[in-house]
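J.: Below is the structure I would like to discuss, written out as structure tokens.
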Amino acid sequence: MVFVMFCLSIQNVSEESYFSYVHLLFVAKCVDIALSSCTDVAYTQMVYPNFLDQKSREVIEYSSEYLLISVLHNLLQGECNPDLRLLGCSVLAPQCEKDKAIKPCRHVCENLKKNCLPAFDAIDMAWPYFLDCDRFFAGQEEGCFDPLAKLRGEVDAEEDLPSDLPATFIQFKHHSYSQMVSTLKKTASKCSHIATTYSIGRSFEGKDLFVIEFSTKPGHHELLKPEFKYIGNMHGNEVVGKELLIYLAQYLCSEYLLGNPRIQTLINNTRIHLLPSLNPDGYELAAEEGAGYNGWVIGRQTAQNLDLNRNFPDLTSEAYRRAGIRGARLDHIPIPQSYWWGKVAPETKAVMKWLRSIPFVLSASLHGGELVVTYPYDYSRHPMEEKMFSPTPDEKVFKMLAKAYADAHPVISDRSELRCGGNFVKRGGIINGAEWYSFTGGMADFNYLHTNCFEVTIEVGCEKFPLEEELFTIWHENKGALLNYMEMVHRGIKGIVSDKFGNPIKNARISVRGIQHDVTTAADGDYWRLLPTGTFIISAQAPGYSRVMKRVTIPAGMKQAGRVDFVLRPAEAWPSKLLRRSMEDAHDPHDPLELFDPHAQHRQPEARGGSPGREKPWWWSYFSSLDLHKPLWLLKQR
């Protein structure tokens with residue numbers, strides 16, 4: 001009877017699959033996973049033979065399929081890692097329960113294939129046959145499992161708190177990665193009409209770089225509404241910024257619901273993005289040491305041993321080179337091709353792509369180890385000078401922004417020199433970055449020189465990984481300053497640049513006389529220009545249009561951006577010099593960053609196979625040890 005029922009259940013499968021399933025049904029037995037590349041999967045037992053009918057550990061380890069998943073993180077330079085490896089493990093080392101193999105979910109495979117095909121195309125590699133979503137994966141109705149759930153923080157999430165807690169309750173604790181994700185998702189769900197979560201990409205070890213956003217229209221840019229961001233935990237062992245942003249997200253949600261007028265005004269007029277942890281891999285390493293015991297090095301860098309705040313393109317050197325050239329631009333400087341020859345972290349790429357996708361106006365990165373606010377440039381005008389005042393053209397704006405945080409912080413504004421950050425008391429708790437210490441490849445300089453965004457660095461305390469009992473005090477010391485700094489995004493002017501028919505003009509340039517740094521309009525023609533108190537000559541220009549100039553006065557105490565619109569009229573002849581300047585810094589269409597886009601439209605995969613006589617791609621050498629089992633299925637057919 002059992003055999004008859006089995007025959008009925010597989011009557012539509014092929015003869016080859018029939019014998020594989022018979023073998024699995026009558027011989028399979030759960031065993032502990034011993035494959036070194038699959039030891040971090042979310043389950044502990046697998047089954048032999050696997051879905052490729054590989055019957056032992058030795059056969060799997062010497063296979064081209066296993067070698068591929070072991071080296072993919074190198075071949076793809078960290079992209080889609082470790083997602084593809086874990087997906088491959090779900091086929092090569094299938095999850096076993098009660099001596100039965102469980103298939104991975106088809107929708108997970110399809111989503112990953114959609115997002116990762118550009119990375120394969122970039123190295124001229126075909127999609128692996130054993131990741132065929134129809135052949136080796138199952139639908140949810142068939143009882144599949146998600147091999148990537150652990151990466152999304154869906155495993156080992158924090159325990160539910162009592163339901164009778166007040167709406168303003170914040171748990172002042174250190175959050176693991178999964179607890180952070182759970183808290184952000186719960187907060188967004190609680191305030192779903194003004195909040196949402198999204199990921200800007202993945203860390204090297206595959207953790208989502210989660211952002212929680214607050215806006216009256218979550219997920220969308222709104223005309224004339226400025227975009228603001230906070231980034232925390234860039235250095236994995238500097239954890240206070242991460243916790244502050246988790247607490248801030250909960251505070252914004254609960255206070256908005258309670259009708260706090262300051263918070264409602266802020267969210268109703270600003271689109272706010274909070275990225276608590278840019279380096280979750282480093283954080284995990286630092287957390288192993290424990291709060292209060294972590295030193296100044298462990299966990300600072302990424303899983304690739306990269307310091308993210310030294311990993312961005314050095315555009316500051318180019319800005320210094322241009323500074324002496326009459327009419328040269330010190331803004332929207334392109335990324336040099338030589339930058340891509342080095343090791344670029346996927347976390348760094350994710351931030352750069354994020355900056356291009358959203359017209360950010362103001363930002364701050366939260367660090368630890370001191371108590372001071374620093375501002376660009378972070379790299380000295382003279383490379384041999386380690387401590388040299390090196391201002392940007394917007395020195396007055398950056399000092400205004402830095403003081404907005406420092407003056408609202410009760411400890412930073414304390415005049416005592418016998419405290420954390422006491423060395424900066426005479427400077428008002430702020431300092432030019434390069435004057436403190438010079439370094440290249442910083443994120444703040446990159447924001448300013450490549451985009452419209454102004455960013456400062458906030459050192460939020462002398463302890464990088466404080467004890468949990470200190471977190472409540474740290475939150476109350478920083479809460480007002482965090483809010484005050486966000487409100488600075490509304491200083492200066494804003495407006496729309498359009499033609500005489502009312503059509504918005506994208507990438508029009510907004511210039512301020514006397515400041516050698518322009519901003520550009522977003523897709524809808526809107527712009528924001530941070531400025532201090534004073535009178536300015538503002539001009540707007542775009543290729544093919546005549547320049548328009550206006551005199552603007554920003555009175556002292558003005559806390560909302562003044563509205564200054566421009567209507568441009570066609571020019572009879574566009575000056576070739578200005579046209580050349582407008583085009584020279586456009587994004588390179590072959591910029592490698594363009595390939596790092598999880599939302600791009602992807603080409604259909606080419607057929608497997610390949611001509612044996614043609615030259616093999618560079619990555620073929622990785623499989624040179626496989627004499628008779630080289631993966632010809634990775635070669636694209638011409």
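Yeah, the Cβs are placed from backbone N, Cα and C, and that goes for glycine too.
Since this is a predicted model, take the numbers as computed values, not measurements.
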J.: Tell me which of Cys89, Cys96, Cys116, Cys133 TrEMBL records as disulfide-bonded to Cys109.
T.: Cys133
J.: Counting every protein chain present, what is the number of Cβ atoms, excluding its own, within 10 Å of the Cβ of Cys133 (disulfide bond)?
T.: 20
J.: Pop the Cα-Cα gap between Glu459 (active site, proton donor/acceptor) and Cys133 (disulfide bond) into the table, whole Å please.
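T.: For Cys133 (disulfide bond) versus Glu459 (active site, proton donor/acceptor), the Cα atoms are 47 Å apart.
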J.: Rounded to an integer, what is the Cα-Cα distance in Å between Glu459 (active site, proton donor/acceptor) and Cys109 (disulfide bond)?
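T.: The Cα atom of Glu459 (active site, proton donor/acceptor) is 41 Å away from the Cα atom of Cys109 (disulfide bond).
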J.: Could you list the residues of the same chain, at least six apart in sequence, whose Cβ is under 8 A from the Cβ of Cys109 (disulfide bond)?
T.: Leu87, Leu131, Cys133, Phe137
J.: Around Glu459 (active site, proton donor/acceptor), how many other C-beta atoms are within 10 angstroms of its C-beta?
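T.: I count 26 other Cβ atoms within 10 Å of it.
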